[in-house]
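Student: Can you keep this structure in mind? I'll have questions shortly.
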């Protein structure tokens, strides 16, 4: 099974990705992790990406596509994975489609988490992450056992720069400019399943599992 998760920043894709990958025994492929791996290993693609990131620019599609393809090529024999953070636009989606065809892979479903801007703003204000392991919490919906401290490794929780209001609004603008076209692209291919991303974690998970179960019958 291959799934793609789409949705605006702050919607909780990472949380759902972790839950679904565990329940469905899928490998969680997160774009951010792939970039970090390339940075740490100082690969040619990692070096090239850093040039753009250090200037505050988006990494060109060609570099991102190649980085993702290189990584996916290593896990193709398993062919059960969930993509979180890729594709971000139609060009990347078309590249991925070609890669899947060449690799004899089948995309089962694209899950799109939708939400209103004001609801996202409220959710993002309460989001905190562990400064060490990256585990995500929410002050209202998913608080740590001890205020300000990670349950997993007892490190300090922080608010990411990306989650601060001004930065978040910029990220949302980029999403609306690029990724909304991608939603329509997958909708036209009848591959899209839309879910209200503002429901609680369990409700969202159950709706996704139900539609996947129906698809497989």
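Cβ from N, Cα, C; glycine included.
So Swiss-Prot lists the following for this protein:
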BINDING   10, 11, 12, 13, 14, 15, 127, 136, 137, 199  ATP binding site
BINDING   31, 36, 57, 58, 59, 85, 86, 87, 88, 92, 160, 171  AMP binding site
BINDING   130, 133, 150, 153  Zn(2+) binding site
REGION    30-59  region 'NMP'
REGION    126-163  region 'LID'
Student: Sort out the residues at least 6 away from either end of the region 'NMP' (30-59), same chain, that have Cβ-Cβ distances under 8 Å to it, and list them.
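Tutor: Those are 14, 17, 66-68, 70-71, 83-86, 174, in sequence order.
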Student: Please report how many Å separate the Cα atom of residue 127 (ATP binding site) from that of residue 133 (Zn(2+) binding site), as a whole number.
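Tutor: About 15 Å separates the two Cα atoms.
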Student: List only the single closest residue to residue 133 (Zn(2+) binding site), chosen from the binding-site residues 12, 57, 59, 88 by CA-CA distance.
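Tutor: Its closest listed neighbour, by Cα, is 12.
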Student: Between residue 10 (ATP binding site) and residue 160 (AMP binding site), what C-alpha distance do you get in Å?
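Tutor: Residue 10 (ATP binding site) and residue 160 (AMP binding site) have their Cα atoms 11 Å apart.
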Student: Can you give me the Cα-Cα distance between residue 150 (Zn(2+) binding site) and residue 31 (AMP binding site) in Å, rounded to a whole number?
Tutor: 24
Student: Determine the most Cβ-crowded residue among the binding-site residues 86, 137, using a 10 Å radius around each Cβ and all protein chains in the structure.
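Tutor: Per the Cβ count within 10 Å, the most buried is 86.
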Student: Closest of the binding-site residues to residue 86 (AMP binding site), Cα to Cα, picking from 12, 14, 130, 137, 153?
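Tutor: Going through 12, 14, 130, 137, 153 one by one, the closest to residue 86 (AMP binding site) is 14.
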Student: Any idea what the Cα distance is from residue 14 (ATP binding site) over to residue 153 (Zn(2+) binding site), rounded to a whole Å?
Tutor: 19
Student: Do me a favour and check the Cα-Cα span between residue 160 (AMP binding site) and residue 130 (Zn(2+) binding site); whole Å is fine.
Tutor: 10
